[in-house]
Every structure is written in structure tokens, then in C-alpha cells.
């Protein structure tokens, strides 16, 4: 299966259904009154962590996800049906990010954990809701609220106990294959591994998940080589096994290799160099490996790290390496995953309301997000709806703002080229 660990998708919550305008008309009921029902709520957009998924491949082919709209209200005070919620399945370990602001919306690290990212628009009220002792036959209803929309970025960070790090061709994939049933592509050239591989290691009655991270090079923290594409997969690991080609088969100095990789980890995220780390001096089956190992061991121990001479190819030294790995993992306190909320509810920041006023004679031209928001639920062509709009203008403080500019009763208000005289 193709491994995809990033995606950018468009999501939209469902629109609320419109309120309905109707009047009860039945024999022997001469004054039936309004009976228009409310519109249904739009569907939410909900992400759910599915343990059966391991890649974001599906989002390569489909990038727009829109929840169902609520149904319009009906006569006889019947409410419209709510829109179906839209569930989007992602692998466990997926981070959902607001693409515009970079804000982390949710981090789904527990199987079946949910994140309600966008809530559906509210249904509009039917005309029955607007009946008052002074307005017995309202001939208007509210339009449904539009569902919010946004672009989000999905980033998958693998959930593994142990991360294998090192230069390309150091032998990480061979080590993973020797320790587990994973079968990563193995060849004698750099960057054979282009995607992370996971394997379950079973050793002396214990088991853990090991991740083979594609080889790093100098500048990886800046995105060079495979860079940021895969460094993030180390973030969730509990410890690192630093695999070094101690034979220097690529013409590099093993000690310098060790230093450079740790520096890249530090530059990417300081926390990574604080993770428990042991060093696997690989390719001890080669004469050059045996020759260079004593100096390498001395230098690495000076830096405070434990070194284990191994051959990933012949499996020499693997028992001691895995014994130490299990010892370290057993000493790390288990994460309190039960404290992770089952459902995350995201509340996107509200857009700042704006009101623009242009005065020409006794006509006041209004525009801006504040007016747009009020108009979403108004039918300006209906007299009763227009009266309700005037009430909203007062309640929202727009009329007070106009009075500061000299507005008075009898002046004209213009919104979207529709004009009406306002009287108090």
C-alpha cells in the first residue's frame, strides 16, 4: 500500500434548513394562525481515528467533504429533518490543523477518538415562532444558517515505541527486518527506504513497535533530503536506536555520522535529544567494522551513550540490543491515554464583525460582515421580514452607530441596493 502521511482537504458543515411560512387552514378553524415549522440543523463534520487505517492515501483522490444540509421546515409546525453528520475516518496518530492559521485543532491518538471540527448551521425559525399579540400573522420566516467551511491539513505521525534513526544505508531497514516480520525494501544504496516502516518486535515474551525512519542527512531539519517529511514520525516515539555504519562503508567517519544525526534531531526539536537513546554499531560482520569499532565505542561512551556492536545482516549482537531496549521501555512510565478525551469539540474563532457606513444626503449605505450576518436570515422583499430586520438593527447596535453619524427617524437605509425609510 502507498504510504501518504500528509493531506490538505476542504470541509464544510451542512447548511441549516429554512423556516417555513404557512397558515393553518382547516374547516371549522377560522383563525388557525401561522403554523410554519423550523428548518433542520445542518450536519456536523466529525473526524474519527480508525485503527484499521495506516495511511492518508484516500485523501489523495478525494479532497472535498461536505456534510448534508438540514431540510426546510414544513406546514403544520413540522420541523425539517436534521442533516446527517459527516464522519471522516483517519488513521490513529493523525493531527488536524487549521490550514489558514496553523492552529492544531485536534490530535487523534486513541482508537475511535472523535473530533467535531465543524458544527452544522442552525435551522431557520418558521413563521409560527414570530407570532406575537401584536403580530398575529407573520408572513416571514428565517433562512437557515450557512454551515462553516475551512481547509484543514492532516498530518500522520506514526505511533511507535522505538524509532530507528541514522544516515541513509546505515542498515536500519535490515535491522527492522531481522527483529520483526516487517519486510521493508532493502538494497545497497542510499534512500532505499522512502517511507516509514513499522514492525512488531517480539523478544523474550515482550513486544513493542519499532519504526524504521528514512535516512537523514545534514540539513534535514530544514527540509533537505527527506527532511521534515519524516522527522515528525520520531516525535511520538518513546526512545531511539541510533544505527551507525561503524565500518564507514560510505566513506564517512562513524563518529561524525553520529554527531551530525543528533545535531539534526536537536535542530528539529530539542525534545528529541532528551529521549532515551542507545547506539547500534552496525556492520560488525565486515572487517572494517571490527577494525573501527574500538575507537567508535570509546568516543560514543565519552558522550554518555551505551553502544551495542551488531550485524543486522547476520543478527549478531541483536539479543543484547533488544534486551536493553525492553529494559528502557519498561522503565518509561506508561502514558495516561485514558485521560485523552473521547470527543474533542473545536470552536473556530469567530470572524471580527465589521460595519461600514457611507452617508449621501439622508441615505445611509450599510455593508460589512455585521450586516451580512443579519441579512442571512432575512427576506427584504417581504414587509413583515423587513420589520423584523429593523428590530435586529436596533438590537445589534447598528441604529445607535448610525445615530452617531447624524442618523434620525425618517432617513433612508440602503443595504445591497434595497432602500427603506426607517421610523422609530
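Every residue gets a Cβ built from N, Cα and C, even glycine.
Feature annotations, courtesy of Swiss-Prot:
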- 166-173, 191-195, 212-215, 282-285, 311-313: GTP binding site (BINDING)
- 173, 193: Mg(2+) binding site (BINDING)
- 1-159: domain 'Obg' (DOMAIN)
- 160-330: domain 'OBG-type G' (DOMAIN)
- 347-424: domain 'OCT' (DOMAIN)
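In sequence order, 171, 245, 246, 247, 249, 289, 311, 312, 313 are the residues near residue 283 (GTP binding site), counting only same-chain partners six or more apart with C-beta under 8 A. Residue 172 (GTP binding site) carries a helical DSSP state (H, G or I).
Look at the Cβ of each of the binding-site residues 169, 173, 311 and count the other Cβ atoms within 10 Å; the largest number goes with 173. Other C-beta atoms found within 10 angstroms of the C-beta of residue 166 (GTP binding site) number 25, with every protein chain shown included. Here the domain 'OBG-type G' (160-330) returns a mean pLDDT of 82 for the predicted model. Here the C-alpha separation of residue 166 (GTP binding site) and residue 173 (Mg(2+) binding site) works out to 11 Å. Counting every protein chain shown, the number of other Cβ atoms lying within 10 Å of the Cβ of residue 172 (GTP binding site) is 31.
Helix first, then strand, then coil: DSSP counts for the domain 'OCT' (347-424) stand at 26 helix, 18 strand, 34 coil.
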